Amino acid sequence: QDELKFNMGPENETAVTEFILEGFSGLDQRLQIFLSLVFLLLYVTTVMGNTTIIFLVCVDHRLQTPMYFFISNLAFLEIWFTSSTSIKLFVILASGRRTISLSSCFAQSYFYFALGCTEFVLLVVMSFDRYVAICQPLRYAAIMKPQLCIHLVVAAWVIGFSLFSYRLVLLYKLPFCGSNKIHHFFCDSSPLFRLSCSDTSLLWKIDSVFLSFIILGSLCFTLAFYMCILFCILNLPAASGRKKAFPTFISHLTTFAIAYGSCIALYTCPSEDVSLETNRIVALLNTVLYPFLNPFIYSLRNETVRLALNKAIARAAAQL
């Protein structure tokens, strides 16, 4: 069984030097092993799917367009986003090794939120790209120039990682001198704040307002662009065009519902009122299911991508 590790603080208080991730520890051991295999399969599929998309966009000239440039960046981001939490989750479920150092815990929390923020900005950029392509097709090439696409992607990454630099500073300043058991499978805000032996009520409010601004702000922009796209689709003269566009539109809304729905449930309501059990279950949608669905929703079900994939497989087979 994991032992608590402490150092003596300045006032004879015990300072925590590592945490124990208690997520799903109450489940039967065989069920934990089964879940670890399921999550491992989902993780490998997610990584392989996203890696395939990046590879195809790099080698096939038909996919070297603004839309697939943004999708390849999203695929690259999803690999790191799901890796930030899933790898430790496998270790916990398969081997029972639940300890994580303070620095690793804080780094995991930072990358989880920074990558999540970057993804929300990328989703706004992608919805803008689709808005211009569908609603202003004649001006698309003039607006979505390669230089603008690169600037938008760089801006998304810079915004995500710079905005959440405050999180590392705040976490390192928090004193942890009591229990070191985190009732979660990764270092999320809610369980970390609960473990601090200082008053974190102001921190709860700041974090909730900040996350709400990012999540709801990006959601408003994304929905605004997609509502414009919907009106454009409804005004298409050909019924076949509407029939072709609606399945893609609905599939994109499905992924948005999972991503934004889970984050709204976790981070935009008062965090102290959310049960950790609910937090863990909803977080699985955000960290495991959503990254798994993205390659299929955005790319692998697309005919152009399938043709590029078949061409790449045929080329590889011919070289064997």
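Glycine is no exception: its Cβ is also placed from the backbone N, Cα and C atoms.
As annotated by TrEMBL, transmembrane segment applies to 33-56 (among others). Residues of the same chain lying 6 or more positions beyond the ends of the transmembrane segment (33-56) and with a Cβ under 8 Å from any Cβ of it are 24, 27, 63, 71-72, 75-76, 78-79, 82-83, 86-87, 89-90, 93-94, 288-289, 291-292, 294-296, 298-300, 305, 308-309, 312.
The domain 'G-protein coupled receptors family 1 profile' annotation in TrEMBL covers 49-298.
For the transmembrane segment (68-90), same-chain residues at least 6 beyond its ends with a Cβ under 8 Å from one of its own Cβ atoms are 21, 23, 36, 39-40, 43, 46-47, 49-51, 53-54, 57-58, 100, 108, 111-112, 115-116, 118-119, 122-123, 125-126, 129, 149, 152-153, 156, 185-186, 283, 287-288, 291-292, 294-295, 298-299, 305. The transmembrane segment feature in TrEMBL is assigned to 68-90 (among others).
Here TrEMBL flags 110-128 (among others) as transmembrane segment. Residues 67, 70-71, 73-74, 77-78, 80-81, 84-85, 152-153, 155-157, 159-161, 163-165, 167-168, 171, 186-189, 211, 214-215, 218-219, 221-222, 225-226, 229, 256, 259, 263, 286-287 of the same chain, all 6+ positions outside the transmembrane segment (110-128), place their C-beta atoms under 8 angstroms from a C-beta of that stretch.
As annotated by TrEMBL, transmembrane segment applies to 148-166 (among others).
Within its own chain, the transmembrane segment (209-234) has Cβ neighbours under 8 Å at 113, 117, 120-121, 123-124, 127-128, 130-131, 134-135, 163, 241-242, 245-246, 249, 252-253, 256, 260, 263-264, 267-268, counting only residues six or more beyond its boundaries. Per TrEMBL, transmembrane segment is recorded for 209-234 (among others).
The transmembrane segment annotation in TrEMBL covers 246-268 (among others).
Annotation source TrEMBL lists transmembrane segment at 280-300 (among others).
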